[in-house]
Structure formats: structure tokens, C-alpha cells
Amino acid sequence: MVRILAFDSGIGGLGIVRCLRNEIPDACIDYLADTAVFPYGEQPDDFLVSHIVALVGCAMERLRPDLVVIACNTASTLALDALRARYSLLPFVGCVPPIKWAADLTRSGTIGLLATRATVSRPYLRMLQARFAPDRRLVAYGARNLADLAELAFRGRPVSDHAVLAEMEGLFSQPGGDAIDVVGLGCTHYTFLLDRFRRLGRPGIRWIDPAEAVSRQAARLSRDIGNTETAFPHHGEAFFTALPDDVSALMPGLRRMGYAAVRPFAERT
């Protein structure tokens, strides 16, 4: 059995966990949410890099994974290279905005990206466009409230169509927005609003979520690793660096992902 550590700042990476369980049903998948520092978009980049490297390293030491999935766009774009350099013996899979995929699919030549303000403002996004979509027009929008709306949706709480539409229109109302025919999700949280985007969005637009591509890459790497000798007595545990007040509201969604409880995780004990 292969043991995987999936890491995100909040619950967004659970969409990738859901895909991982479909791709690798016998894997032990531990999930670590850095809820003490959520949302990452409000933190300085230098702090995040050192913090993520230390926190993931601590989790690796305790949980001994065979593979680490950084199921967070911000953490991947900022810290993935540093993690690979620091822990070079372990394979890492990251999650970045699906610019290449969108560029391959578009017919109009204009692609959209719905992301966080932090992701849209970072040079990494411009590097992705220059590398994978130099002949495409990229219209990117940093949504203010979608991550919070996704958190509500995961908890089964009401999310108004009006609130979601307002964020979607922030993308399509930009110059060139009327030509968008493919929209990539640049935040793992948005997985939990994907059905809403498709229902409320303009006809003919294709919405793409990188979660399945990330899980497929993890599955390929896990096959290279092979099964370890250790037989884990569970399908993994969920850890939060700060337990929210409404843990009970999270539990139905966590159970659907294969987690029976949430445990606190402290970097130092």
C-alpha cells in the first residue's frame, strides 16, 4: 500500500483527495490543512515559503509518506521548488493553474482563469502563459469571495447563486471576456462550486478543474513506487493546524472523503 500526504491551506485540496481515492483506491491518504494560516493569499510570500517547507517537512517526518501532493495552487507556485530541493528523495506532485490545458482546448484563442487575487498577481502565472500559451489571450480574475463561498458549500450551507454569479461576472466583464470559451480553475477550493459554475455560466463555455490531472500524475508516480511493506490500518487521517469552531459542519463532507475524524496538528510538540 502506498501512503500519500495531501496538503492544502484549507479544505480545497479535498477535491483532489476525492480524485485520488478513485485513481488509487487502496492508498492511505493523509490530509493536512493549514487552517491556522488560511487564507494563504493574505500572507507574505517569503513567510509562506519557509512556513510551508517547515510544516510539510514536519508532517513528512511524522507520517512517513511515499508521495506528497501539494493540493494548493498558492503553495505549489511558491514552495514546490523549495520542497523538492529540500526533500529530494521523495516525489512531489503540485497543482498549478491549468493554462496549458486551456490553451490546448480553446477555439476562440481566449482563455479564462478564475483564481485568487494572490495567484493572479504573482509572476508565476505570467511564466505559465509565456511557456504554454504565448499565442493565446489570457483573461484572469482574482475572485474576492469564492474560496469562502466554497468553504460554505463544502459544509452544506446555503450559497446564493447571486454571490457566485457576481464573482463569475468579474471574469467575463473584463476586456476580452466575451471571447472566453474555456475557463480554468486556479484555486482548489473552487472544485466545490464547479457544478454551480457550469449551471450558471454562459452557454458553450468549458470549465476545467486540474484535480483529475493531479490525481492521475500521483497515480503514475505511485505505480513507480510500488506497494510498501507496511499495511496501514486505515485509509488515512485528516489533520488541521487549527481546529475550526464548526468541526461538526465539516464532518459530513470529510466522511465522504474517507475521514472519520479531524485531528489537530502542531508543527512542534
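Cβ atoms are placed via backbone N, Cα and C, with glycine included.
Unlike curated entries, TrEMBL annotations are predicted automatically.
What you see is a predicted model, and the numbers here were worked out from it, not measured in a lab.
What TrEMBL records for Asp8, Ser9, Tyr40, Gly41, Asn73, Thr74, Thr188, His189 is substrate binding site. Taken from TrEMBL, the feature active site, proton donor/acceptor applies to Cys72, Cys187.
Overlay of TrEMBL annotations on the structure.
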{"residue": "Asp8", "record": "substrate binding site", "DSSP class": "strand"}
{"residue": "Tyr40", "record": "substrate binding site", "DSSP class": "helix"}
{"residue": "Cys72", "record": "active site, proton donor/acceptor", "DSSP class": "coil"}
{"residue": "Cys187", "record": "active site, proton donor/acceptor", "DSSP class": "coil"}
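Asn73 (substrate binding site) counts 32 other C-beta atoms within 10 Å of its own C-beta, drawing on all protein chains shown. Of the residues the record lists as binding substrate, namely Asp8, Ser9, Tyr40, Gly41, Asn73, Thr74, Thr188, His189, the two whose Cα atoms sit farthest apart are 13 Å from each other. Asp8 (substrate binding site) is surrounded by 29 other CB atoms, counting those within 10 A of its CB over all protein chains shown. Those same-chain residues not listed among Asp8, Ser9, Tyr40, Gly41, Asn73, Thr74, Thr188, His189 yet with C-beta within 8 angstroms of the centroid of the substrate site C-beta atoms are Gly10, Gly12, Gly13, Phe38, Pro39, Cys72, Ala75, Thr116, Ala147, Cys187. Take the CB of Thr74 (substrate binding site) and look out to 10 A: across all protein chains shown you find 28 other CB atoms. Of all the Cβ atoms in the protein chains shown, 29 others lie within 10 Å of the Cβ of Ser9 (substrate binding site). Around the Cβ of His189 (substrate binding site), a 10 Å sphere holds 29 further Cβ atoms from the protein chains shown.
The local packing around Gly41 (substrate binding site), expressed as other Cβ atoms within 10 Å of its Cβ over all shown chains, amounts to 21.
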